[in-house]
């Protein structure tokens, strides 16, 4: 990602779009703060914008990250020269030459600084009138001085000039380009304490005299004093200058070689891809190996790992993925490619049945880059691991131990700990309905009917002939005062209890529970008038459904003419349950 941004920055620099280039390099630095080339490139952009202060900051950072890189010192020297600090600029160029004595840019930069120093020293009496302008412009009292001077006070109302002045304050080195502006000369004169207008007039006259002479004498005192300082402008990077570094012939040849190798590697990869699609994995593997040996891009290793996986060479797949991750870190590869290698490791370990490692690698892959595919694989692996753990925990002998302990605790009245033992039994023997049935009985004792019903349903699912589970379910429904469902549960229990292996041994308990339910429903409608009964029935959808059933209407019609016929119909468990509900609701009155 950082390399892509750098390439975009280089392209913008070539087009002299320095602000856009700065933005791209800034983004790249955010992703790769230790890359010295990025700071060097951005320094060049700032220098092109004549923002030598920021150019110096980046150049300094570049030399801190890689002190032995000559290019960084060249950037620093150029920035210092732009700021007018010739001594420091010279030191920077000299430091760079210690690392690369033949670097043409450093040598040219040093010559430029030396020439500027010589020119500054050769002024009248060695006096350089513009040497300290930068510090004077940044003086907090500068604006106050400007306003108090009659010659410059009027400039405060000139917004265009004030904007120009503000830019010069930010970058004092750019003042040299504004010396033709008479307003700027007034400011310089105010700062230097001289009358620029007067001197300029004298200089103009003397300059005219100089023009009239074909061979002016070098000893003419006014010829030099009338001219503004002609310090060479600070060196600036040219648009055609390579951004990353100054390429020597050898380096250019190396870059061309790399490009050719990458192209050749991609051709090998393409052949590998074609064979992979044909499931010709041995050939695909060899092609991906050739691609990696030709050019170091972990895309080739990821492809190689995929081929090993499909060929069921899992050891080779794991090793290749590990190499891809290690090499990817060293090559600063895209995090998406590293995430892909981590995800492949997860898939490989899952195929081997090592779900612990599979889950770990899936999680690490998602940390690098989150994708729906890996997230789905992680969830599947976690579910499989949970199931695997449950199956590994199964132990019938320990389940029996927990059942015995639970029964003892139940008999002693310690229902809470009995529930714990029965829960352990359900984990050790999840297919044994007794664990759920016994825990349901304990839940009843601690007044937890909902939990009891849940366990009864599970026990019935495991063993449809478990009559005790139906009885306990009826008891829990009675506790919830859901009498209609309680009647259904009692009738189901009665039906199951008749079958083997029960043979009616729970009949008394079932009839007792049914009787309690009928009594409770009768007590609800005690002292109820017929009008109140009809109003209540109209609000009971289950009773209304029974009354609207054509078959039940026929049975009730027969019962009115022949009450004995009703007893015959009640031999059918379904009809019996419905008639009991009608009796309990008061639709049918006995006696």
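Note that Cβ sites are derived from N, Cα and C of the backbone, with glycine treated the same way.
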Correct range for region 'Disordered' (source Swiss-Prot, candidates 148-201, 202-255, 256-309): 202-255
Taken over the repeat 'TPR 8' (433-466), the model's mean pLDDT: 96
Composition by DSSP (helix, strand, coil) of residues within the repeat 'TPR 7' (399-432): 27 helix, 0 strand, 7 coil
Stretch in 36-69, 339-372, 399-432, 467-500 most in contact with the repeat 'TPR 5' (299-331), if contact is a CB pair under 8 A: 339-372
